[in-house]
Each structure stands twice: as C-alpha cells, then as structure tokens.
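**Student:** Marked as domain 'Sleeping Beauty transposase HTH' by TrEMBL: 1-52. Among the features that TrEMBL reports, domain 'Transposase Tc1-like' is placed at 71-140. The annotation domain 'Tc1-like transposase DDE' is assigned in TrEMBL to 149-300.
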C-alpha cells in the first residue's frame, strides 16, 4: 500500500484545538472528515512532544550523488543501449561503488524504462532525405487524394505464424498442461508468399506466389490481379498505384508495362514500410488466420483468401483517412522510422 498524504499543519492545529475544547475523537473525525486513528495519532504526539508537526524522518543517504545521477542520465540519453554494468563501472571509476539494482532503480526514478529496442529497416542518409521529401510533398494532400491510391505489397504467412505469441490464463505450476501450450515446429511449419492490394474502398485480390518471383512473374501478377482489383474497387479515372522499390518493381520492363496500361505510379521512398498502410492489413490478416488454426498449407491458403476478403471496408477506409498522421510522424522524427 502506498504512503498516504500528510495532513496540513492548519488541520493538525484544528484537531488539537477541538480536542482541548472537549470534543471526542469520533466527533472530531466526523467534523473534519479525518480517520479516527489519525486523530488519535496526532493528539498523542501533541501530548507526548507538545508538537503538531512531523519530526524529520531518518533514512539512509543516497549512494549515488546528484553529480553521479546526472552523469548516468547523460550517458543513457546519448547511448540508450548502455548496460547497467557499464554504468556501474563508470561510477566506480569516479569513486562510487553501487550494484546494478541501484542503477536500475535510479534510472526508473528518473523516468527511464528498460525496453526491447524496436527493429526497423536500416535508414541511410539518402533514405531519410527521401522520406522527408515524400512527407513534405504529400502533407497537405486532401483525403480524396489518398482515396485514389491502390496500395500493394508482398508478405509471407507461416503455417504456425502468430500462434506462438498466444497468451493463456493458467494457474501456478500448470505451464506445461497441454491446454496451456502452443505446438510449434521448426521454420514455422512451412509458409506461403502472397501479393495483395487494397484501397480506401476495401481489399483487392490476394494472389499466392508460387516459386521465386522474378520480373516476368510480377508483371503477370499485375495483369491478372491489379487491373481486376482496380475495376472491382471502382477506382475510376486518375487512380494511383503504389508499390515499393524492389528491383522487380522498378525494372524497365515493368515500368514499360505500367506505362502501356496507363497506370500512374506513386514515387516511393525506399525502406519505408511504416508509410505503407497495407502493413497494418497484413497484421490484421495474420491475427485472423491464427485464430482459425489452419491444419496444412492448402488450408492456410484457403483461410488467408477468405479472411482477406472479409476484412471490412471500414478498416481500410480508416487506414487511408488517417494517413496524414504517418507523414506528420515522419517529420516529427526527422525522417527516421515511426511507430507505424
């Protein structure tokens, strides 16, 4: 239980004055809305020490000086991956010996928490500049512009994908009860690669990629899936196609095919999955598929296509309507990766 807040000096004096006037503990408690036990403690202190204020509370002095704390905070701000042992070694070199637990407590008291570092694509200077340019160029675009974009990407879905992260409610010492475990196999039990697309109006076709995809296969996928998806989603005239800068996507033959079919392509900054809202749909799909627990790869493909088609258009629309938040986040983080 946490410490309670101390009563003000004025309230303590009022308690003593009412007691001197002959009022009982319960009556004082009711009048001032203070616990009876607190009333008793204050009056006993007054009778014993003739004082209404708390005496100084003794305590062990802090092992790390303010200067040492400042040094630690400066170090973790500049190098967040610094370990507690490294900080302890730095303090020891400065004449202060403390354990790692004290280091951790001090950092937590100053607002720092130990967390797993997020894994993000490697961004070089050119990538950061391209991301900033993209964000600035499109920041003021109206929602109607994003509604005309057909987003696309490829993803791999494993047979035992998200099952391995499932949580269960269990009692102590029941961790290995079969009901509380998730079966796993090496390498995810096999996987399937998919190409998919979506717009603010809903999901397009989901195509299974068989074998290693090259430029010719990619163009076939676009012919058999991109154009039908654009028609089914009623993209109308002036729609824009988005895909990343994979070499198969930027090959001359692919560019010629897109130009021949009068498809306008969005200029895309490399290493930017956080700017493609289809990544959120892939996550949605994987969660849905994991709940259905496919038994084999054929079952996995069938379930993936069923669940992809069942994603509500409202989910797609929300991702597009809020797209400017991604651009704002990129600018706020100076072009580096964002939470999206």
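Start at 1 and count along the chain as shown; that gives each residue its number.
Quick reminder: no glycine exception, Cβ is built from N, Cα and C everywhere.
Explain the structural surroundings of these features, please.
**Tutor:** Across the domain 'Transposase Tc1-like' (71-140), DSSP assigns 42 helix, 0 strand, 28 coil.
Per-residue confidence over the domain 'Tc1-like transposase DDE' (149-300) averages out at a pLDDT of 87.
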**Student:** So, by DSSP, how many helix, strand and coil residues make up the domain 'Sleeping Beauty transposase HTH' (1-52)?
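**Tutor:** Tallied per class, the domain 'Sleeping Beauty transposase HTH' (1-52) gives 34 helix, 0 strand, 18 coil.
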